[in-house]
Amino acid sequence: MEEELKCPVCGSFYREPIILPCSHNLCQACARNILVQTPDSESPQSRRASGSAVSDYDYLDLDKMSLYSEADSGYGSYGGFASAPTTPCQKSPNGVRVFPPAAPPPPAALAPPPPPRNACLTCPQCHRSLVLDERGLRGFPRNRLLEGVIDRYQQGRAAALRCQLCEKAPKEAAVMCEQCDVFYCEPCRLRCHPPRGPLAKHRLVPPAQGRVSRRLSPRKISTCTDHELENHSMYCVQCKSPVCYQCLEEGKHSSHEVKALGAMWKLHKSQLSQALNGLSDRAKEAKEFLVQLRNMVQQIQENSVEFEACLVAQCDALIDALNRRKAQLLSRVNKEHEHKLKVVRDQISHCTVKLRQTTGLMEYCLEVIKENDPSGFLQISDALIRRVHLTEDQWGKGTLTPRMTTDFDLNLDNAPLLQSIHQLDFVQMKVPAPPILQLEECCTHNNSATLSWKQPPLSTVQVEGYILELDDGNGGQFREVYVGKETMCTVDGLHFNSTYSARVKAFNKSGVSPYSKTLVLQTSEVAWFSFDPSSAHADIIFSNDNLTVTCNSYDDRVVLGKTGFSKGLHYWELSIDRYDNHPDPAFGVARIDVLKDAMLGKDDKAWAMYVDNNRSWFMHNNSHTNRTEGGITKGATVGVLLDLTRRTLTFSINEDQQGPVAFENLEGLFFPAVSLNRNVQVRPGSGSLSRVGHSQQWEEVTLLSHCPSCCCHCSSRTRRVPVQQRGLRRS
């Protein structure tokens, strides 16, 4: 708190502080020191009085300007005045520039009479400029509350009391005058409080006793700055300042809203307390944050030591590996050196022996030539000639060529290693943080689920990809359904009315992150579907938002529904909107890769009932079974019941079941399917039911017609449909 109790000009505790209109405080002596004198002709009041274009608003803006001088960044007069003087400044102990005492005026004979001047004061903290009126500094109220806080603070610190009149480096107080309420050191007492005249009756006490008496004495009631003899009794709401009763009767506050001083005092105390509660919470958070930062400093230091040790160990390992490789290469060089020496030495030895033999033969032949016995010479000359030629041939081509070069045929390829050393740098050594699933973007539709995730905001670890996992919808083991760099994935082909758990993790070269929090997803209980143009034959014609289909060919063409079923109980109806010339449409279920250019049921990928105007047949893999009486006409309704719990398929026409169970042992993924030609037009009927469970009986329920455009039920009628004993959830 000490910084709040020190003057921004002198740097010491406030002495006789005054409150400026900007709510900042100054010692009265310091405020007197930083006053600036301006000519009357340049004051804002005179400029407005002379008809200047400066409005009240402009003056308020000008009043907020800093009085910095361009020459020395000290306080000067308004920068907008043409004749504003620039005065050199001095610096206070806390860094605020203040003006020195004014220089003595020149002799009257040499200087013109000074123009009338007004006093101007600039707040050292917010640099707002204030023009004083005729009362001068007495026009600013004294902050007695701040004086009381300073007294209590100094008493709590038990610090030595200082003289209140010393201009520089206040000395320790020697006495206190109870009447003047001022602490004096001995020199200031002799100079400012002599023991004579009226001051002789004042009571001087030791500083400690004076501090106690000051604390026990009642606080002086602050008086009005406009009416010095009146105490503050009310509070002006508009001016936000205490006023006296004369201000309300004849002063500038007469037309303002005022309230009782005590009530506003309690109200503002309550507001300050509430504000302090919020500030206290922020301060508490700041303290906890500082503790966290200090712990981070310690952790950073520990991690730095550990990391440096790891780095040194890694570099030492590289150096050791290089030294080992160096030793291996040197060993190869030594082997090459020994090999070259051996080859050369062997050749030297061989040539030495052969040269000795040749020299001996030559000397012997020379001695033979010297003999004069022709017959004896001719006896051995042929043999010697052959030996000489043979020896000469032995010194033939290659014999006098070195078998080994002096150069070493080894070239060390160190460029890749040097490049690797130059590229040696830090890579991401940590695994990524667990991703965060974005719940607001995760959703399910029918039997598909869309999941979205992101990395934590403060995570700087590089991520190379993500792995999304889902369980089997029954609480079983998780399995990977997506691996890639995208942060959003849609998974199709899930079971209806099932609860799936999803989780995701990130990975990079360093490893795999922990899993994110597990998200539970509920697929739709009721399957709404339309026909799928993307998988249908090109001759199929779609209308009514893909809810109505027909064909432009006389041959049968197949169209599938968009939604596939692999689990549970599902029932849907198809209405015949047009039936001309007695065609044979087929209705049922099929795999996604069923033949699209033949009647449904012609291959082994479809299970269907095809009908005419009199009869119906069940067909699978081009095999007909169970011919049943009862055909269709325009307006008829065909019902399909797919029970994947019992693995059966049953058909009905106009609510009448067609024979027994049509197909059994069905397993896998099935799509609603229809085959038709240009003489038939089909659309979904009045409703559908889907539920994971068993079909055990038929009961009458009300099927509601669903409108995909407005998501509402538009009509209803009673139908007899197969449901389990506890009943299906109505669509």
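The backbone N, Cα and C atoms fix where each Cβ goes, glycine too.
Curation does not apply to TrEMBL; its annotations are automatic.
Sequence annotations record features per position, and here TrEMBL assigns domain 'RING-type' to 7-47. Averaged across the domain 'RING-type' (7-47), pLDDT in this predicted model comes to 76.
Broken down with DSSP, the domain 'B box-type' (158-207) shows 13 helix, 10 strand, 27 coil. What TrEMBL lists as domain 'B box-type' is 158-207 (among others).
Note on the domain 'B box-type' (219-261): DSSP counts are 6 helix, 11 strand, 26 coil. Residues annotated as domain 'B box-type' in TrEMBL: 219-261 (among others).
The helix, strand and coil residue counts that DSSP assigns across the domain 'COS' (369-427) are 31 helix, 0 strand, 28 coil. The feature domain 'COS' is assigned by TrEMBL to 369-427.
If you look up TrEMBL, you'll see 431-526 marked as domain 'Fibronectin type-III'. Across the domain 'Fibronectin type-III' (431-526), DSSP assigns 3 helix, 44 strand, 49 coil.
Per TrEMBL, the feature domain 'B30.2/SPRY' maps to 508-689.
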